[in-house]
Amino acid sequence: MNAAVRAVVRMGIYVGAKVYFIYEGYQGMVDGGSNIVEADWESVSSILQVGGTIIGSARCKAFRTREGRLSAACNLVQRGITNLCVIGGDGSLTGANIFREEWSGLLEELARNGKIDKEAVEKHAHLNVVGMVGSIDNDFCGTDMTIGTDSALHRIIEVVDAIMTTAQSHQRTFVLEVMGRHCGYLALVSALACGADWVFIPESPPEEGWQETMCAKLSENRARKKRLNIIIVAEGAIDNQNKPITSEQIKELVVKQLGYDTRVTILGHVQRGGTPSAFDRILASRMGVEAVVALLQATPETPACVVSLSGNQAMRLPLMECVQMTQDVQKAMDERRFKDAVQLRGRSFEGNLNIYKRLASKTPDSQIPKSGCHVGVINVGAPAAGMNAAVRAAVRVGISEGHKVFAIYDGFEGFARGQIKEIGWSDVGGWTGQGGSILGTKRTLPGKHLEQIAAQMRAHSLNALLIIGGFEAYLGLLELSAARERHEELCVPVVMVPATVSNNVPGSDFSIGADTALNTITDTCDRIKQSASGTKRRVFIIETMGGFCGYLANMGALAAGADAAYIFEEPFDIRDLQSNVEHLTRKMKTSIQRGLVLRNESCSENYTTDFIYQLYSEEGKGVFDCRKNVLGHMQQGGAPSPFDRNFGTKISARAMQWISTKLKEARGTGKRFVTDESICVLGISKRNLVFRPVVELKKETDFEHRIPREQWWLKLRPLMKILAKYKASLEVSDLGQPEPVSGHSEPAAI
């Protein structure tokens, strides 16, 4: 929420508006006085990394009454406030809408009572309201993600990872209760991200007789040498009679029926706290800026809107339509129409549930029709967090489709040497939380090994290939595509899933691994800022990875609140460096006496990190001193973030389904796959999952610099500059009117 507050204040000041803090939610608006205070640029400094909200929040009974709203309106009019930005859940947003609808009536009543004059009534005739959804449950319809959800998932996954190590030592069963009184999003996604054995969510209660099914599944997993069981329960979990299912009940059941050592962990308010994740900071900053633009563009006819996220697009939707849909979900659950409840939550929620069911339990072999097809899975390029989650999903979906799945070790080099082995369902257990690449990965391209690779394809009768990797994987895909004429063994369906911290694969807006790297950068920047604020007047130059792609440097700068980010995509010269130094010199005269500058490793051949460090040190003499930090391979390591685990799982499962469809079409015809659309990159574009033939992507690629010619995140570049107090022109969304809520295609959001 603080990132959103910061963005609203700074964007408001940037466009020349007066911005006020209203402390303690609606209570502060009703009480007025010192609860409504003008904010300046510095009052939101150093709050990006702080959890909670610096302006406080409170449930307010008074605002639910007309008297309460009267005094709130009076307090706003006295300060000339007619634009309100509300960050909260559906209750807060509904309240804001009622307030807006009653506004003119409230002002007339205030004038009759002599509290304000007629002139004030005319001058402040309309109240504009824009909402942003801050809720860790992700329970608001119309947006893929609410502010706070990703950070809550981080807290849950940190706990699950810690519990897994203790449970494995002691062969225990853990029942983990997470928040979500009316929405199972946190429980479902964390179950997906840690490969939990069972999950209970309010939207999809277990079927009759679930007790026996669950116990049978737990003992089956133990028999497969799985040393721990994890069961995740949303606090609002119910059975299909709408009776609560509690974590204690589940524990008693497991102990009584199976005699397992079982512990309950209730996460409670831990999930609300802690440092916000990089994703949440960027999301909230984008929403805050969009909210200010929406208020500036609002007319008396514009309905109250809510700023939401769809894929990677910031959108505006009619507030009350979203609130209505959110309430419809609860209604469906109360009436035990659980299928409808899941659908109303949106395609993304439904997709998560279906994939979880598919990956969590293995259908008995006797019930899976055998396809007779062999599918190879390979990692190519540098390791990226989330690769293992992608391999696990591919293996399990492949097996459930009736294929034999083969793991290819050590990239194309291992492929050529025949390091290929069939991999089973339980071989990939516990892989989701592992960083790096368990299969091993190499940067070698297939070009010089094509003969041997074709021979290995023949020897293992591989009918399809799934490649998980970065730019090398993309180049390898192009080489395989070109070699099809010479080697008929390569005329099979081939699909690539992008996985690289650099996020530079053409055909996809996101790559597996980039989110984890971004969190590493953000965490490091937080620590550095802390050390800098202790010593005062210090500027840090930080070098990030990414090759020629500035994604990590730019988004890291936005998430960490940096003063500048140098990237290859936006050429800079000595004059830019000079203006940055002058900007920092001015900043050191304020109360914010520290600076942060990010530099992408290949942004310029001559303006190296050392050069920039020396230049800043020289120019800043007497005003600030300078330090530099090269983050290096830290950005590739570590446990994958919830986003990367989930994204890797979903996109890889989708790739394997595509392979199955292709193989089914050709079954029995002995068909060779030679068309362009049988060798693809699967990526996210705006808000859809898209399969793009690799040859089509050639013209969209800058091969020399290994980046796509067009990159969506560059339009967020001005955002970073505005929030750091530079002049920049922002491309605002061209939506004067909010979009309709329904009719979204398959959402890409996680």
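Cβ atoms are placed via backbone N, Cα and C, with glycine included.
What TrEMBL says about a protein is an automatic prediction, not a curated fact.
Features reported for this protein in TrEMBL:
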- D137: active site, proton acceptor (ACT_SITE)
- R59, C60, G89, D90, G91, S92: ATP binding site (BINDING)
- D90: Mg(2+) binding site (BINDING)
- S135, I136, D137, R172, M179, G180, R181, E235, R263, H269, V270, Q271, R272: substrate binding site (BINDING)
- 1-294: domain 'Phosphofructokinase' (DOMAIN)
- 375-659: domain 'Phosphofructokinase' (DOMAIN)
- 1-361: region 'N-terminal catalytic PFK domain 1' (REGION)
In sequence order, the binding-site residues (D90, S92, M179, R181, R263, V270) whose C-alpha falls within 10 A of D137 (active site, proton acceptor): M179, R181
Near-site residues: ATP, ref R59, C60, G89, D90, G91, S92, CB cutoff 8 A to centroid: G88, L93, T94, G95
Candidates S135, V270, R272 (binding-site residues) - the one closest to C60 (ATP binding site) by CA: S135
Protein Cβ atoms within 10 Å of S92 (ATP binding site), excluding its own: 21
Number of other Cβ atoms within 10 Å of the Cβ of V270 (substrate binding site) across all protein chains: 16
Length of the line joining the Cα atoms of S135 (substrate binding site) and G89 (ATP binding site), in Å: 6
For G91 (ATP binding site): intrachain residues, at least 6 apart, with Cβ closer than 8 Å: none
Rounded to the nearest Å - Cα separation of R181 (substrate binding site) and D90 (ATP binding site): 14
Pairwise Cα distance for D90 (ATP binding site)/V270 (substrate binding site) [Å, integer]: 22
Spatial separation of G89 (ATP binding site) from R272 (substrate binding site) - C-alpha basis, Å: 14
Cβ atoms near C60 (ATP binding site) (within 10 Å, other residues, all chains): 20
Largest separation between Cα atoms (Å) of residues that the record links to ATP, namely R59, C60, G89, D90, G91, S92: 14
C-beta crowding around M179 (substrate binding site), within 10 angstroms: 23
Spatial neighbour of M179 (substrate binding site) that is closest, considering only the binding-site residues R59, G89, S92 and their CA atoms: G89
